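Report on the structure given below.
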Amino acid sequence: MAYHSGYGAHGSKHRARAAPDPPPLFDDTSGGYSSQPGGYPAPGADVAFNVNHLLGDPMANMAMAYGSSIASHGKDMMNKELHRFVSVNKLKYFFAVDTAYVAKKLGLLVFPYTHQNWEVQYSRDVPLPPRQDLNAPDLYIPTMAFITYVLLAGMALGIQKRFSPEVLGLCASTALVWVVMEVLALLLGIYLATVRSDLSTFHLLAYSGYKYVGMILSVLTGLLFGSDGYYVALAWTSSALMYFIVRSLRTAVLGPDSIGGPAPRQRLQLYLTLGAAAFQPLIIYWLTFHLVR
């Protein structure tokens, strides 16, 4: 064997046997916590799990990869079916977004209390696309949030050693079915309340799908800070979404056509709006509480 760089044979063999370990990818921020088998912090630690353990857990990585494949497959199937039964031109309106709109809309969903004007803007009796009107509903954020929720659910199940394709598939299908049922209930309520508005199925689907943003924040906070952080995030995102739903749907459901109408009809329309908003925290909790332990 030839040796290079001026080192002797003995020195080279020593280095070959005792090569230093590669530097860790992330610094250890666990402080004074004592390690336990499996890489988890000692009992009584204030964090829910170690970040290094999370990123290096093969079970969590496999769960995220499987969740990504399920989400991609479901998205392809949904697009295929939509092309068969839905006008693509009408659907494009709800995906006409840009980066600035997405960032502002996410901020509005998390903190809607300072927003003033909630009316959808029109140009020649045609509603402006979402990238030109922050109040316009879109389907891009609900779609991407649903995919992110499936990935996050897979990672959470992998961390808890409860991951299986059947469990993740049930989690994703349940989240989708609840939104569909909510939209059907809203359509029935609008019909019974004889509401005259421009609300379509896509509008209701967009408003119902915004709950996935709160679900992601709640689960992620729960994974980072435990059950206490989960319930704090759940309370905040639920209240923000309720406020957002009430202010967004009030103009559409209680529009100018309802002014001067029968009082019972106005009350029924108001109850429909409040009921749709009050139902959001229940669905968010039902779809997320089992992912945080």
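Note that Cβ sites are derived from N, Cα and C of the backbone, with glycine treated the same way.
Bear in mind that TrEMBL entries carry predicted annotations, made automatically and left uncurated.
Residues or ranges marked as region 'Disordered' in TrEMBL: 1-37.
Taken from TrEMBL, the feature transmembrane segment covers 139-161 (among others).
The transmembrane segment annotation in TrEMBL covers 167-192 (among others).
What TrEMBL records for 204-224 (among others) is transmembrane segment.
Residues annotated as transmembrane segment in TrEMBL: 230-249 (among others).
TrEMBL lists 270-288 (among others) with the feature transmembrane segment.
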Range from 167-192, 204-224, 270-288 with the greatest count of C-beta pairs under 8 A to the transmembrane segment (230-249) = 270-288
Same chain, outside the transmembrane segment (204-224) by at least 6, Cβ under 8 Å from its Cβ: which residues?
-> 47-49, 54, 94, 106, 109-110, 137-139, 141-143, 145-146, 148-149, 152-153, 155-156, 159, 175, 179, 182-183, 186-187, 230, 232-234, 237-238, 240-241, 244-245, 248-249, 276, 280, 283-284, 287-288, 291-292
